[in-house]
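Supplied in structure tokens, the structure appears directly below.
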Amino acid sequence: MKKKVLVGMSGGVDSSVAAYLLKEQGYEVIGVTMQIWQDDEEFIEKEGGCCSLSAVADARRVANKIGIPFYVMNFKDAFKRNVIDYFVDEYMEGRTPNPCITCNKFIKFSSFLDKAMAMGIDYVATGHYAIIEKHNDRYIIKKSEDDKKDQTYALYNLTQFQLERTLMPCGQYKKSKIREIAKEIGLRVHNKKDSEEICFIPDNDHGRYIKNRFPNKVREGNFVDKQGNVLGRHKGIVYYTIGQRKGLGIAFGKPMYVVDINPFRNEVVLGDLEDLLNTELIAKDINYIPFDTLKEPMEVEAKIRYSQTPSKAIITPIEDGRVRVNFQEKQRAITKGQSVVFYKDDLLIGGGIIEK
């Protein structure tokens with residue numbers, strides 16, 4: 001009997017080709033677009049935006065073309081609770097969250113998988129660029145064939161339970177090949193541009209988004225230097241992130257950067273580039289893929305943002321399941337709330353949330 005797979009389809013080229021590849025591999029494929037947009041939002045239509053109304057139309061068209069059933073499933077409440085509310089709360093606390101990682105953890109590989117299992121479906125699949133393999137009795141994640149498109153950074157939270165039930169067929173291919181396949185089989189989305197913005201903030205202005213939704217929460221305050229001297233006024237801490245230089249709305253005669261955000265005093269601390277360079281961080285909420293726990297220090301390559309090349313580091317387990325990360329070289333703008341992710345060559349070791 002054919003194994004069934006529920007494919008999350010965003011209307012983009014990757015998830016479209018993922019559905020096609022799985023059908024070709026002999027699975028019984030069902031396409032689903034997750035409805036996550038909120039009723040009170042004017043969901044801005046933007047080419048490349050994932051899970052918008054036009055994305056549903058694109059996904060449905062692809063499903064018809066490759067001959068699979070297609071549904072739209074409602075994940076609005078789970079998305080608001082786990083992704084949007086968390087996103088807003090983190091910014092209000094002076095941290096910079098990564099909503100795509102949160103969505104993967106709570107929606108795509110949790111709520112979506114729960115729905116699949118309740119329907120008696122064996123697997124879920126996405127268009128992510130990553131390779132899932134089984135080694136001995138454990139599932140592991142390796143970097144995809146296409147290093148530029150590799151998405152393992154956003155997948156470090158996956159559990160063994162989830163990995164056993166997840167398929168990522170695009171990981172074996174380069175992006176150019178995925179577009180080629182889409183063109184060969186006549187998919188209109190073969191040249192659709194990739195979405196790069198946060199799906200629920202298409203203009204990427206997170207400060208404006210939070211201010212519009214919660215006008216009473218966002219208050220003006222002071223820019224200060226490291227000694228606490230007032231340098232000027234800011235429009236609300238949610239508009240700023242560590243390392244930011246542009247958009248401060250104030251001129252200093254020399255480049256000044258956001259080096260800290262103090263939510264208790266509603267202050268944004270400015271400093272020099274040198275103040276942004278550090279070799280150490282503490283991370284919490286750690287998840288490991290090839291093993292359950294880290295018992296002793298380990299040499300890894302680590303990265304503190306999605307687009308970065310990993311740098312040599314040593315990770316050391318400390319109290320409460322947290323980890324100290326010591327980099328060989330100084331890292332610029334280590335940012336609370338972002339994720340630090342660990343690798344050994346092309347093997348994803350795990351990761352966690354930067355605490356300090």
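Keep in mind that glycine also has a Cβ here, set from the backbone N, Cα and C atoms.
The shown structure was predicted, so the numbers you read here are calculated from the model rather than taken from an experiment.
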For the ATP site that Swiss-Prot gives with Gly8, Met9, Ser10, Gly11, Gly12, Val13, Asp14, Ser15, Gly127, which of Met34, Met92, Met117 also belongs there?
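Looking at Met34, Met92, Met117, the one Swiss-Prot places in the ATP site next to Gly8, Met9, Ser10, Gly11, Gly12, Val13, Asp14, Ser15, Gly127 is Met34.
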Please report the Cα separation of Cys199 (disulfide bond) and Ser10 (ATP binding site) in Å, rounded to an integer.
11
Return the single residue from the recorded positions list (Met34, Cys103, Cys199) that has the minimum number of other CB atoms within 10 Å.
Cys199
Given the recorded positions Cys103, His128, Gln338, which lie within 10 A of Asp14 (ATP binding site) by CA-CA distance?
His128
Rounded to the nearest Å, what's the C-alpha distance separating Gly12 (ATP binding site) and Cys103 (active site, nucleophile)? Just drop the number here, would you?
17
